[in-house]
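What TrEMBL says about this one:
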BINDING   GLY16, ALA17, GLY18, GLN19, MET20, GLY21, ASP40, GLU103, LYS108, SER130, ASN167, LYS298  NAD(+) binding site
DOMAIN    12-207  domain '3-hydroxyacyl-CoA dehydrogenase NAD binding'
DOMAIN    210-306  domain '3-hydroxyacyl-CoA dehydrogenase C-terminal'
SITE      HIS164  site 'Important for catalytic activity'
Amino acid sequence: MVMAATHGIRRMAVLGAGQMGSGIAYVAAVHARAHVVLYDKSSAQVTNGLALLHKLLDKDVNKGRITKEQAAEARERIVPLQMDGSGYTPLRDLDMVVEAVSENLSLKQKIFTQLAIDTNPSTILASNTSSISITKLAAAAIPESASAASDAGLQSAGRVVGLHFFNPVPVMKLVELIPGLQTTSDTLSRVEGFARDCGKEVTKSRDVPGFIANALLMPFLNEAIMCLESGVATREDIDKTMRLGTNHPMGPLELADFIGLDTCLAIQQTLHTGTGDTKYRSSILLERMVDAGWLGRKSGRGFYEYPSK
Ligand code: 3HC
């Protein structure tokens with residue numbers, strides 16, 4: 001509660017109503033008690049995101065974690081909106097915007113450039129990116145009329161920060177915070193307070209490709225895919241070995257399907273191009289699976305089959 005007073009994040013928007021964006025909206029509305037506008041360009045995604053939020057709230061009521069009244073209040077705090085191509089007019093009076101769209105540098109840069117125009121200069125601009133440079137996104141958030149080293153440029157870029165949640169957001173206890181070169185200490189401490197109010201533990205990483213988590217996790221997932229590719233073992237035995245032999249909650253192939261194979265590939269490519277280190281080169285099998293549209297759980301097929309999708 002003391003944190004809530006200091007970070008001052010009461011009204012926010014989440015851009016992207018996928019698994020991550022909906023999860024972020026949930027913890028923000030339920031735990032940090034923020035008012036959240038949940039945006040997506042696809043109306044189906046907005047509908048699905050809202051359905052997931054309602055399901056999570058119902059489950060928390062059934063489990064006695066929150067009362068019906070608290071759930072009703074949280075529902076009122078979340079407003080779903082479809083982006084209509086006319087800019088983000090309702091973004092004017094917000095304390096923070098969290099971008100949670102797919103892991104694509106040029107898409108995110110475009111969004112940050114637009115956010116620099118559509119938001120108040122005091123609004124924090126956070127990215128839930130898994131691996132993309134926060135410094136690059138901050139540079140994209142400088143208005144055309146300002147240079148990177150001018151006061152206006154520094155002020156605009158200084159409000160950009162990495163706020164990396166983990167999937168499933170309501171369950172996973174961590175948030176990674178990543179300052180870019182330009183991020184101010186005030187921005188960083190405010191988002192730290194907000195993340196703690198969302199019920200999360202916090203770690204801080206320098207702005208390197210993949211930060212802490214994905215720089216460690218992605219080579220592990222990639223090695224597992226290469227094991228499968230080269231016929232070392234079956235998918236079941238690779239996963240079972242890591243689940244039962246090393247106490248991972250999910251095996252690496254199961255986890256890659258859970259994260260999304262397109263997301264895994266995009267992160268691995270960022271790691272590879274960002275470091276030039278061949279240890280991050282993604283397996284051909286992963287590339288081919290993404291080519292085939294086999295993206296894991298979300299598409300109904302990845303290393304395993306998910307027939308209900
Ligand atoms: N959304 C919301 N909640 C979910 C969920 C989802 N997609 N999937 C499961 N849950 C919830 C369940 O509802 C349940 O909640 P409850 O305790 O309130 O009932 C809780 O998670 C446990 O679920 P289950 O009992 O059904 O299943 P498990 O005990 O097998 O746990 C799991 C499921 C939590 C997903 C567990 O398998 C796990 O921890 N897996 C590893 C997840 C992981 O590593 N995530 C990080 C991925 S990396 C990442 O996100 C970074 C990105 O940049 C790539």
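Along the chain as shown, residues are numbered 1 onward.
Even glycines carry a Cβ here, placed using N, Cα and C.
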Secondary structure content, the domain '3-hydroxyacyl-CoA dehydrogenase C-terminal' (210-306) (per DSSP, counts of residues): 66 helix, 3 strand, 28 coil
List the binding-site residues GLY16, MET20, LYS108, ASN167 whose Cβ sits under 6 Å from any atom of ligand 1, in sequence order. ASN167
Using a Cβ cut-off under 8 Å and a sequence separation of 6 or more, which residues in the same chain sit near GLY18 (NAD(+) binding site)? ASP40, GLN45, GLY49, ALA100, VAL101, SER102
Counting every protein chain shown, other Cβ atoms within 10 Å of the Cβ of ASP40 (NAD(+) binding site) number 24
Any idea what DSSP makes of ASP40 (NAD(+) binding site), helix, strand or coil? strand
Let me check the 10 A CB neighbour count of LYS108 (NAD(+) binding site). How many other CB atoms are there? 22
HIS164 (site 'Important for catalytic activity') to LYS108 (NAD(+) binding site) - Cα separation in whole Å: 14
Using a Cβ-Cβ cut-off under 8 angstroms and a sequence gap of six or more, which residues of the chain neighbour GLY16 (NAD(+) binding site)? TYR39, ASP40, GLN45, GLU99, ALA100, VAL101, SER102, ASN128
Cβ atoms other than its own within 10 Å of the Cβ of HIS164 (site 'Important for catalytic activity'), all chains, total 24
Show which residues of the chain containing ASN167 (NAD(+) binding site), separated from it by at least 6 in sequence, have their CB under 8 Å from its CB. GLN19, MET20, GLY23, PHE258, ILE259
MET20 (NAD(+) binding site) CB neighbourhood, other CB atoms within 10 A: 25
Pop the mean pLDDT for the domain '3-hydroxyacyl-CoA dehydrogenase NAD binding' (12-207) in here, whole number is fine. 93
